[in-house]
Amino acid sequence: MAEICCEVVAGSSSEGKGPECDTGSRAARRRRMEIRRLRVVAERGAEEETSGKRRRLDGGGGEASTDEEDREVERARYGFTSVCGRRRDMEDSVSACPGFLPGHHFFGVFDGHGCSHVATSCGQRMHEIVVDEAGAAAGSAGLDEEARWRGVMERSFARMDAEAVASSRGSVAPAPTCRCEMQLPKCDHVGSTAVVAVLGPRHVVVANCGDSRAVLCRGGAAIPLSCDHKPDRPDELERIHAAGGRVIFWDGARVFGMLAMSRAIGDSYLKPYVICDPEVRVMERKDGEDEFLILASDGLWDVVSNEVACNVVRACLRSSGRRERNRSSPTSNLSPRQSSSSGDEAPNDGAPSAAAGSESDEESAAEEDKACAEAAVLLTKLALARQTSDNVSVVVVNLRRRKL
């Protein structure tokens with residue numbers, strides 16, 4: 001590694017002479033460029049040393065192609081917001097864990113009811129449970145990608161529900177700031193929805209339990225990746241009746257006139273009518289068509305359609321792309337002195353352009369994160385302007401490929 005670094009520095013210091021300019025300024029700028037080159041070479045070497053040690057869930061045990069290896073280091077670009085809105089209490093929770101598994105990113109929205117502690121626990125624990133279950137499933141033979149992820153998500157939701165039920169029965173104390181500690185010792189009326197997405201090199205995995213929702217924008221079309229679990233959904237209504245439960249229409253369809261969803265984490269007082277089984281969907285990613293993914297609580301979806309939400313996010317991301325292109329296009333904005341200095345400090349050995357490109361990529365990635373956050377905020381403002389009565393939580397994930 002040291003020899004490579006020395007060769008880069010030696011090669012760059014002996015090549016290329018440009019027009020006359022301030023030698024002090026040139027020397028200082030040259031030193032900065034050499035430091036950047038060293039950093040880029042060192043980072044590349046570290047990536048090469050660790051890439052062979054990475055454990056992947058995708059691939060089924062075969063050798064990864066070069067394209068798949070490139071996708072492993074895809075950077076997560078996302079933004080989110082969560083606001084109380086017109087509610088007295090904030091009961092939503094959001095989770096974003098880029099790189100929680102090698103080459104995979106985790107995102108989740110959890111909409112609590114009764115209190116916040118189940119949603120908070122989901123936000124803190126769900127990704128950890130998925131990591132455990134994914135590790136246990138990594139050695140499963142004879143299962144395709146969809147079946148493996150379906151099993152991982154079903155077991156993860158069951159474990160999360162068991163933890164919530166244990167908390168409601170007093171086996172685990174509620175959080176110190178939880179208002180349930182001032183109520184009954186058994187807080188079995190508390191629960192949460194859960195919609196989670198795992199973004200991998202080749203697939204998007206979405207698991208949903210409740211009425212939070214995931215929507216994919218592909219080729220300009222809004223594609224829902226989850227279906228709300230409402231008590232009056234025909235298959236859910238049939239399941240509840242078969243279990244001996246009733247759906248009463250009181251301010252909308254509710255299980256026994258109380259809960260406005262038919263599946264949730266927690267809510268032990270309504271089991272077995274309200275279950276925690278997620279519906280899992282595994283979508284193969286399509287480069288050039290997949291644009292972004294939206295996860296949000298029903299505080300958004302009650303007042304904003306899938307299509308309108310996708311149009312808002314697309315406008316934000318396109319606006320950001322135009323700003324980025326305007327910044328990166330022209331050397332016409334540089335003075336003659338700046339242009340000549342840049343040309344002098346970028347000999348044709350390739351290393352300086354890599355360093356400059358690395359810095360530019362970091363700026364572009366930061367701009368894309370900012371655009372996703374702005375899109376999430378704009379959706380939240382739209383929901384509030386349309387008089388949503390619930391907490392609003394939104395996660396926006398950019399699906400356009402950009403590798404590290």
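In case you wondered, yes, glycine gets a Cβ from its N, Cα and C as well.
If you check Swiss-Prot, you get these features:
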type: COMPBIAS; residues: 42-52; note: compositional bias 'Basic and acidic residues'
type: REGION; residues: 42-72; note: region 'Disordered'
type: DOMAIN; residues: 77-399; note: domain 'PPM-type phosphatase'
type: BINDING; residues: Asp111, Gly112; note: Mn(2+) 1 binding site
type: BINDING; residues: Asp111, Asp298, Asp390; note: Mn(2+) 2 binding site
type: REGION; residues: 321-369; note: region 'Disordered'
type: COMPBIAS; residues: 330-343; note: compositional bias 'Polar residues'
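Distribution of Swiss-Prot features across the structure.
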residue: Asp111; record: Mn(2+) 1 binding site; CB count, 10 Å: 27
residue: Gly112; record: Mn(2+) 1 binding site; CB count, 10 Å: 27
residue: Asp298; record: Mn(2+) 2 binding site; CB count, 10 Å: 23
residue: Asp390; record: Mn(2+) 2 binding site; CB count, 10 Å: 21
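Secondary structure at Asp298 (Mn(2+) 2 binding site), as computed by DSSP, is helix. Looking at Asp111 (Mn(2+) 1 binding site) and Asp298 (Mn(2+) 2 binding site), their Cα atoms lie 8 Å from each other. Predicted-model confidence for the domain 'PPM-type phosphatase' (77-399) is 86, expressed as mean pLDDT. Reported as a whole number, the C-alpha separation between Asp390 (Mn(2+) 2 binding site) and Gly112 (Mn(2+) 1 binding site) equals 11 Å.
Within 8 Å of the centroid defined by the CB atoms of Asp111, Asp298, Asp390, the record's Mn(2+) 2 site, lie the Cβ atoms of Asp92, Thr193, Asp211, Ser212, Ser297, Gly299, Leu300, Trp301, Asp302, Asn391, Val392, Ser393, excluding the listed residues themselves.
Here the C-alpha separation of Gly112 (Mn(2+) 1 binding site) and Asp298 (Mn(2+) 2 binding site) works out to 11 Å.
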